[in-house]
Every structure is written in structure tokens, then in C-alpha cells.
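Summarising the annotation, Swiss-Prot assigns 2,4-dihydroxypteridine 1 binding site to Gly4, Ile5, Ile6, Ser139, Leu140, Thr141, Ser153, Val154, Ile155, Pro156, Glu157, Thr158 and lists similarity to another entry as the type of evidence. As annotated by Swiss-Prot, 2,4-dihydroxypteridine 2 binding site applies to Cys46, Leu47, Thr48, Asp60, Val61, Thr62, Glu63, Glu64, Thr65, Gly99, His100, Val101, Lys130, with the evidence given as similarity to another entry. For 1-95, the entry in Swiss-Prot reads repeat 'Lumazine-binding 1'. According to Swiss-Prot, the feature repeat 'Lumazine-binding 2' maps to 96-188.
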Amino acid sequence: MFSGIIQEVARVDLIHHYGDSMEIGIFARNLVDGVPGSSIAVDGICLTLVKREFELLFFDVTEETMACTTIKNYTVGSMVNLERSVRLGDEIGGHFVSGHVCGVGTIIAVEKSYMFFKAPTNLVPYVLEKGFIAIDGISLTIAQVRGDIFSVSVIPETRARTSLGYKQVGSHVNMEPDMMTKMQVDTVMRFQAEKIGK
């Protein structure tokens, strides 16, 4: 479990494809307490730290993860968000994030205080005004929604401390809706489907 508060923006230093999977190495200066076996969110994707060589963190990525996230688009030099899993007693500064990416969206516009995204069809029911969403692992509040297009307010501090400062129009991002919102919407939809079926 994660909180959506990014602890470091780090650089992809190594990519090695083998079979249908791949290994990535990320150069992280500040994530000093990551040990092999621990869970770390990389752009909102929950990955297991396989090994560590000083400041270089290594992760194995499965074919399934590559298929449903932006990780397949990484190149050496890509800048990514990192967050270690929360521990008992940690402050939850954002919202609960599972690290299970539900879809890939696209940045369609960038303004001074707002960014606009196109959500994949399967996420649209869960994108609600004033609700939470994790974008590349960042806990953000949805400002406005128009169909599959939504906006979030992004303060300069967020741009500076996350990979959003490196993004541009057309960039793809990982999306995970707020799990509480998803549970509530799914329950209502299931209830309505059962009612119609009777």
C-alpha cells in the first residue's frame, strides 16, 4: 500500500529485455531504506526490489505489467516517480494507493495551474469531480470531468517534486482510481444490474 506522496524522482539507468519480461535499473539517491524484497511504487506500479547495488535499484517486470502500464515505453534516461510502501505509523499525506494500475491515460493539455487528461474507457465511471486519482503514482484531486476528459490542479511544488515536470502533451501516464470510489461505484453498478435482471 502507498500514499501517493512521491519520495524521489529518479532516472532509469538500465533496461534489459529477456524473453517476454525485462529488468530495469533505477538510479535513486534518496530511497536509502529500500532493501531486496521490499515493495516500491515506480510511477504508481507496485514492483518488488530484487537487488540493490549502492544507489542502483533493480526490478524485474513481467509481461503482464509491461502490457498494461507505461513501463514498456521506458528508455534509459526516463525520469520516474518512486515511493516506498507505507509502514505502520506513517502519515498518509495523499490517499490509499494499491500500486495496481487500472489503465493508461494521455495528457491532452497543460496549463499554468491545470493539466488535462484523457482517461481510458474502463476508468471513466470512477473519475468523479473532487475525487482522488493516482497518476503515475501521484495522489491528485480531480477538478472537472467532461466525459472521458478530466482536469487536475497542479501546484508548482508538485511539478517540481514529481515527474509531471518532465511530461508534455501526448505523454502516456499510469492511472489508478481511488479504491474507495471504485468499490462504491462497482457496488451500485452491480446492484443496478441485479435489479434490472429480476
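Keep in mind that glycine also has a Cβ here, set from the backbone N, Cα and C atoms.
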With Cβ-Cβ distance below 8 Å and at least 6 positions apart along the chain, what are the contacts of Leu140 (2,4-dihydroxypteridine 1 binding site)? List them in sequence order.
Gly4, Phe132, Ile133, Ala134, Val152, Ser153, Val154, Thr158
Identify which of the binding-site residues His100, Lys130 has its Cβ surrounded by the largest number of other Cβ atoms within 10 Å, counting every protein chain shown.
His100
Sequence gap of 6 or more, Cβ distance under 8 Å: name the residues on the same chain that satisfy this around Val61 (2,4-dihydroxypteridine 2 binding site), in order along the sequence.
Ser21, Met22, Glu23, Ile24, Leu47, Ile71
In angstrom units, rounded to an integer, how far apart are the Cα atoms of Thr65 (2,4-dihydroxypteridine 2 binding site) and Ile155 (2,4-dihydroxypteridine 1 binding site)?
30
Have a look at the binding-site residues Cys46, Thr48, Glu63, His100, Lys130 and say which one has the shortest Cα distance to Glu157 (2,4-dihydroxypteridine 1 binding site).
Lys130
Could you find out if DSSP has Glu63 (2,4-dihydroxypteridine 2 binding site) as helix, strand or coil?
helix
Mapped DSSP class for Ile155 (2,4-dihydroxypteridine 1 binding site), helix or strand or coil:
coil
When the repeat 'Lumazine-binding 1' (1-95) is classified with DSSP, how many of its residues are helical, how many are strand and how many are coil?
10 helix, 44 strand, 41 coil
